[in-house]
Each structure stands twice: as C-alpha cells, then as structure tokens.
Amino acid sequence: MIIHPKVRGFICTTTHPLGCERNVLEQIAATRARGVRNDGPKKVLVIGASSGYGLASRITAAFGFGADTLGVFFEKPGTASKAGTAGWYNSAAFDKHAKAAGLYSKSINGDAFSDAARAQVIELIKTEMGGQVDLVVYSLASPVRKLPGSGEVKRSALKPIGQTYTATAIDTNKDTIIQASIEPASAQEIEDTITVMGGQDWELWIDALEGAGVLADGARSVAFSYIGTEITWPIYWHGALGKAKVDLDRTAQRLNARLAKHGGGANVAVLKSVVTQASAAIPVMPLYISMVYKIMKEKGLHEGTIEQLDRLFRERLYRQDGQPAEVDEVDEQNRLRLDDWELRDDVQDACKALWPQVTTENLFELTDYAGYKHEFLKLFGFGRTDVDYDADVATDVAFDCIELV
C-alpha cells in the first residue's frame with residue numbers, strides 16, 4: 001500500500017516499513033563508523049527494545065560490540081491491509097541486519113511486565129544463548145502496567161505535584177505557542193506512576209534472572225532516566241514522573257549491591273532529552289527540545305539516541321582503559337550522567353534566555369522546531385529523502401519473533 005503520515009496529537013497513526021528500516025540502517029552505520037570492540041558485552045537482554053533508547057542500546061551492543069541480543073517489546077505486527085507499529089518494523093529491520101552480520105538475534109513480542117515474558121526469556125537464554133547474559137538493559141516507557149499475579153492495571157500520570165502547572169508550550173497540531181495548564185496529580189496517581197514507571201518491574205526482572213541462574217558473573221544492568229533542568233522540573237523531576245525516577249534510583253542502589261557480589265553492578269543512566277514517542281507525550285518537552293537542539297547544534301554538542309548510547313557503552317559502561325565508570329563518571333547517586341553536555345551552563349543559560357522570547361511568529365526562526373518535527377516524523381518512518389512515499393510498500397513484515405499470547 002501507499003502510506004503517508006497522519007499525525008494526531010503526539011502520535012502519528014501511520015508508519016512506513018521501509019522508512020523504519022532506513023532509520024535502523026542509519027543507526028547501524030553510525031555505530032559501525034566508531035569501530036567494533038570485542039571487550040564489552042557478549043550476550044545482551046534488552047527489555048523495551050523496539051524504539052528510542054532501547055533500540056539504540058540493542059544496535060550499539062550488536063554492531064558496536066558484536067553481541068548476541070534478545071529483545072522484548074510490545075508492538076503490533078502489520079498485516080497485508082494495515083501497517084503495524086513503528087517498533088515492529090524497527091525490530092524486523094534490526095533482526096534482518098543482525099542476522100546478515102552473523103549475529104544471534106531473537107525477539108519476544110508481548111507484555112514485558114508479565115511473568116510469562118520473564119519465563120520465555122529465561123528459557124531462550126538457557127537454550128539458545130549459552131545459558132547466561134552479561135548485560136540487561138531496562139528501557140520500558142509505558143503509560144500502563146498490568147501487575148503480575150493480580151492482573152490489576154495501573155496507569156502513570158504526566159502531572160505536577162501540589163499545584164497546577166502553567167507554562168509556555170507548543171500546540172504541535174497547529175504549530176502555535178500556547179499556555180498549557182496541567183492539574184496536579186492526586187496521591188493515588190503519584191502512587192500509580194511509581195508502580196508503572198519506578199523500579200519495581202526492573203527488580204522483578206533481575207530477581208527472575210538471578211533466581212534462574214542466567215546472569216553471568218560480572219553481569220551489569222542499566223535502566224534509563226531523565227532529570228532535565230528547572231525549565232522542565234515542574235512537570236518532570238518534581239512531578240509524579242520524578243517520584244517514579246527517584247524510586248528507580250533507589251532500586252538501582254539495591255540491585256548494584258546484589259550484582260557487585262559477583263563482580264557486576266547496576267546503574268541508572270541519566271540521558272539527554274531527545275525526540276522519542278515517550279518525550280513527545282510530555283507537555284513542554286517539544287518546545288524545550290526545539291530550543292536545546294538549536295543551541296546544542298550551534299555549539300557542536302548535539303547527540304541523538306544512537307550517539308548517546310554509543311557514548312554510554314564506550315565511555316561509561318565499557319571503558320577502554322578497563323576502569324569501572326565509578327572511578328570518575330558517576331554522580332553522588334551512582335548514576336551515569338550522559339546529560340552532561342545538555343546541562344552545561346552555557347547551554348542552559350541560552351535556553352533560559354530564549355524561553356520567554358519564543359512566539360508563534362518566530363517559533364521556526366528562534367528554535368529548531370523544524371528539526372523537532374522532522375525527527376518526530378522519522379520515528380514513524382517518514383520524512384526521509386531516500387524513501388519514495390508515493391511508492392507501494394509491503395506492510396506484512398515477518399521476522400524471528402515469538403508472540404506471547
């Protein structure tokens with residue numbers, strides 16, 4: 001079929017299989033350009049592997065370190081008459097090109113919060129991956145979590161705490177500057193956000209993997225977080241989501257103590273703001289990202305998801321000098337900070353100066369909103385110059401993926 005983008009709110013309701021594959025190939029090429037190292041992870045599990053930082057982790061592990069990878073995600077496959085989700089096509093493309101490079105690649109499509117997913121992963125590690133993994137990447141960003149056991153469904157809330165938050169934002173449907181107001185989260189919403197986006201599920205995964213004996217000696221685990229700056233703090237770090245990320249930090253410290261007994265460790269990696277399906281849903285973030293992208297590009301500091309993950313692996317988790325990142329690359333909470341360039345004073349001072357100046361009339365001139373829109377469309381396979389969007393494309397793309405029912 002012929003597929004063009006249809007954007008509604010912060011979601012594009014259509015996806016382009018070939019565009020998604022080209023995105024993945026672009027990330028693979030960026031990774032390969034930095035060389036392949038053999039002193040890093042060999043067997044990698046990525047939980048939340050189909051888009052954003054999770055996908056970039058999988059690409060970096062496979063094509064930057066030659067690792068075998070197992071990816072878990074929850075995506076919708078395409079059919080002959082309907083396109084699937086971008087994450088499905090991303091994962092299909094990864095699988096195709098990993099196998100072409102002689103690397104082991106297997107995927108599980110299902111609820112990554114479920115015990116069934118954990119059981120299937122453990123079975124595959126035992127039967128197909130040599131019995132153990134040495135890196136577990138936890139990269140789930142879901143608005144909903146079904147609790148294992150009870151089946152109770154919890155939902156996260158992108159809300160401030162204590163009082164209504166009003167700020168300048170972009171109406172991304174109309175490309176206009178508006179004042180957005182968000183009501184504060186209730187106590188229940190805060191608690192539920194911690195349950196969905198905090199560290200509980202990460203710990204359940206490590207519990208299950210450790211209990212089954214499939215974590216290698218020296219195994220590491222990393223989960224992703226964002227702290228941001230005072231511009232975004234009310235809605236993020238000081239909001240319900242921030243409480244969940246504090247819980248993630250506490251979990252990391254518990255898991256680190258456990259894994260350290262066997263020569264490994266666990267960290268939260270604090271990453272920079274990038275255009276992902278997750279960040280597009282957070283009010284204020286599109287405007288902030290449009291500003292910070294412009295400033296960081298002008299200073300030669302810009303990084304996308306693949307550049308961030310490449311730096312995380314090569315300069316933090318697996319340093320070439322053999323030293324642990326803890327030597328000089330963590331903050332007081334033992335977090336790996338990859339938001340260091342974004343938080344430079346010169347970058348943030350420029351952002352704060354720009355923020356009050358932006359209007360509907362000068363939005364495209366003062367910020368990189370055009371770049372934001374382009375990156376957003378790319379998430380779904382659109383906006384590429386090397387794809388003919390008026391050409392017919394097959395939407396029923398199959399690959400080596402186990403479907404959990």
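For all residues, glycine too, the Cβ spot is worked out from N, Cα and C.
Record features (Swiss-Prot):
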- Tyr236: active site, proton donor (ACT_SITE)
- 48-53, 74-75, 111-112, 140-141, Lys245, 274-276: NAD(+) binding site (BINDING)
- Tyr226: substrate binding site (BINDING)
- Glu75: site 'Plays an important role in discriminating NADH against NADPH' (SITE)
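Shown here: features listed in Swiss-Prot, placed on the structure.
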{"residue": "Gly48", "record": "NAD(+) binding site", "DSSP class": "coil"}
{"residue": "Phe74", "record": "NAD(+) binding site", "DSSP class": "coil"}
{"residue": "Asp111", "record": "NAD(+) binding site", "DSSP class": "coil"}
{"residue": "Leu140", "record": "NAD(+) binding site", "DSSP class": "coil"}
{"residue": "Tyr226", "record": "substrate binding site", "DSSP class": "coil"}
{"residue": "Tyr236", "record": "active site, proton donor", "DSSP class": "coil"}
{"residue": "Lys245", "record": "NAD(+) binding site", "DSSP class": "helix"}
{"residue": "Val275", "record": "NAD(+) binding site", "DSSP class": "coil"}
What whole-number Å value do you get for the CA-CA distance of Gly48 (NAD(+) binding site) and Tyr226 (substrate binding site)?
16
Sparsest Cβ environment (other Cβ within 10 Å) among recorded positions Glu75, Asp111 belongs to Asp111
How big is the Cα-to-Cα gap, in Å, between Lys245 (NAD(+) binding site) and Tyr226 (substrate binding site)?
8
Euclidean distance between Cα atoms of Glu75 (site 'Plays an important role in discriminating NADH against NADPH') and Leu140 (NAD(+) binding site), Å
12
List the Cα distance (Å, whole number) between Tyr236 (active site, proton donor) and Asp111 (NAD(+) binding site).
25
List, in sequence order, the same-chain residues at least six positions removed whose CB sits under 8 Å from that of the residue listed as 'substrate binding site'?
Tyr236, Lys245, Val270, Leu271, Lys272, Ser273, Asp339
Can you give me the same-chain residues 6 or more apart in sequence from Val275 (NAD(+) binding site) with a CB-CB distance under 8 Å?
Ile289, Tyr372, Glu375, Phe376, Leu379
Once near-sequence residues are set aside, which residues in the chain of Phe74 (NAD(+) binding site), 6 or more away, have Cβ atoms under 8 Å from its Cβ?
Asn109, Gly110, Asp111, Ala112, Ser142
For Leu140 (NAD(+) binding site), list the number of other Cβ atoms lying within 10 Å of its Cβ atom.
22
